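Participant: These came from TrEMBL, pasted as-is:
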DOMAIN    21-30  domain 'Uroporphyrinogen decarboxylase (URO-D)'
BINDING   ARG26, GLN27, ALA28, GLY29, ARG30, ASP75, TYR150, SER205, HIS319  substrate binding site
SITE      ASP75  site 'Transition state stabilizer'
DOMAIN    138-154  domain 'Uroporphyrinogen decarboxylase (URO-D)'
Amino acid sequence: MTLQDSPFLRACRRLPVDHTPVWFMRQAGRSLPEYRRVRADVPMLEACARPDMIVEITMQPVRRYGVDAAIYFSDIVVPLKAIGLDLDIKPGVGPVVDDPIRDAEGVKRLRDLEPGDVSYVTEAVGELVGELGDRPLIGFAGGPFTLASYLIEGGPSKNHEHTKALMYGAPDLWADLMRRLSAITLEFLKVQISAGASAVQLFDSWVGALSAEDYRESVLPHTSWIFEELSRYDVPRIHFGVGTGELLSLLSEAGADVVGVDWRVPLDKAAQRVQPATALQGNLDPATLFAPWEAVAERTRDVLTRARAAEGHVFNLGHGVLPATDPDVLTRLTEFVHQETARS
Ligand code: CP3
């Protein structure tokens, strides 16, 4: 098999596969004891800047689960840190920003990302591609709304009230912020693609907080620009957000090859909401993995059955692996999906 013939890349391109490919959002991380061991004395953002740690942590779930793709170990705020913003990732909390961005002065602090700011990404991706062989590496970045929310709120937010206040109250400043964040995200993805990543996922995780009209007006033009720019490269583009039932058609309109669906929308319904010639990724509820195996198997079969309505399917959870998940269940789930979908 060659990399381009891998089930993951073929499914993204809506080509026939000999089994449905599997990977898990947040497959690298706290649910793995080997991850906790290597991270024990190393703060998250330091780990994200060290090629040796990046390579080891990216490979851990590949070795353990036998997933069909690796996802580059990093975080959505890494490029923001790399341009000099004062932010950190607090364990159990997420990204926190000391001096949130809420005015024109703040927005001006967002300069362009230069490839040299993230040379460790180039180095780590290069090593990973060598180690992974015919298994694809997924590069990723945060979507502009989700990044803006962390920067404006100063940390995780339930209601995104400061973010929406800026979006509704200062549309020109908002557009400037979106343009700068989109340029940073695009550059971060380009660095990963140039170094050998063979697909990319844009995580605009929190866009589900927006109405379809607000999304169309205030986010879609920027995301469309990112996907348009990425179309010059021969890499499948995946677009994902949480709670996006009402937004799926717009998420798809933004131009992705694959739309990631959370667990709230069955894949057969999702297939009707996306553009023609779009593959789907998802969407087992990550909480299912805490139920007895019979329930996991039954719900997984349901996802696989509904996925037949899609033009191409990449099996995943509907959001990231929860930290307390038993890794053995993920190993079993990977094997189960491979067996259930095996075509000779
Ligand atoms: O998927 C993977 O395995 C690749 C690694 C990855 C991380 N973050 C590592 C991480 C990816 C793809 C991300 C993306 C990310 N980061 C998103 C989008 C995906 C999603 O979940 O919607 C978001 C919103 C963030 C912001 C962020 N960073 C959060 C919410 C957290 C968790 C806070 C917590 O500790 O509960 C982080 C920290 C983070 N990113 C960890 C990891 C492994 C945990 C850090 C630790 O081990 O202390």
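Glycine is treated like the rest: Cβ placed from N, Cα and C.
Remember, it's a predicted structure, so these values are computed and weren't measured experimentally.
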Participant: For the binding-site residues ARG26, ALA28, TYR150, which sit with their CB under 6 angstroms from an atom of ligand 1?
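Facilitator: By the Cβ criterion, which requires under 6 Å to ligand 1, the hits are ARG26, ALA28.
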Participant: Would you mind listing the long-range same-chain contacts of the domain 'Uroporphyrinogen decarboxylase (URO-D)' (21-30), meaning Cβ under 8 Å and 6+ residues beyond its ends?
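Facilitator: Distal contacts: 6-8, 10-11, 36, 57-58, 60-61, 65, 67-71, 73, 138, 240, 260, 314-317, 319-321, 323, 330, 333-334, 337-338.
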Participant: Restricting to the same chain and to residues at least six past its boundaries, which positions have a Cβ under 8 Å from a Cβ of the domain 'Uroporphyrinogen decarboxylase (URO-D)' (138-154)?
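Facilitator: That would be 23, 69-72, 74, 76-77, 79-80, 85, 87, 94-98, 100-102, 106, 125, 160-163, 166, 177-178, 181-182, 184-185, 188-189, 192-193, 197-207, 209-210, 218-219, 222-223, 226, 238-239, 241.
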Participant: Among all protein chains shown, how many Cβ atoms are found within 10 Å of the Cβ of ARG26 (substrate binding site), not counting that one?
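Facilitator: Counting Cβ neighbours of ARG26 (substrate binding site) within 10 Å gives 17.
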Participant: Determine, to the nearest whole angstrom, how far the Cα atom of ARG30 (substrate binding site) is from the Cα atom of ASP75 (site 'Transition state stabilizer').
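Facilitator: Answer for this pair: 14 Å between alpha carbons.
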Participant: Cβ-Cβ under 8 Å from ALA28 (substrate binding site), same chain, 6 or more residues apart: which ones?
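Facilitator: Spatial neighbours, sequence-distant, of ALA28 (substrate binding site): TYR35, ILE57, THR58, GLN60, PRO61, ILE71, PHE73.
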Participant: Given the substrate binding site residues ARG26, GLN27, ALA28, GLY29, ARG30, ASP75, TYR150, SER205, HIS319 in the record, what is the largest Cα to Cα distance, rounded to whole Å?
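Facilitator: Maximum Cα-Cα distance: 22 Å.
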Participant: Return the count of C-beta atoms lying within 10 angstroms of the C-beta of ASP75 (site 'Transition state stabilizer'), excluding that atom itself.
Facilitator: 18
Participant: Return the average pLDDT for the domain 'Uroporphyrinogen decarboxylase (URO-D)' (138-154) as a whole number.
Facilitator: 98
Participant: Across all the protein chains here, work out how many other Cβ atoms are within 10 Å of the Cβ of HIS319 (substrate binding site).
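Facilitator: I count 22 other Cβ atoms within 10 Å of it.
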Participant: Restricting to the chain of TYR150 (substrate binding site) and a gap of 6 or more, list residues whose Cβ falls under 8 Å of its Cβ, or answer none.
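Facilitator: Listed in sequence order, they are ILE76, VAL77, LEU87, GLY94, PRO95, VAL97, PRO156.
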Participant: Around the C-beta of ARG30 (substrate binding site), how many further C-beta atoms are within 10 angstroms, looking at every protein chain?
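Facilitator: Excluding its own Cβ, the number within 10 Å is 16.
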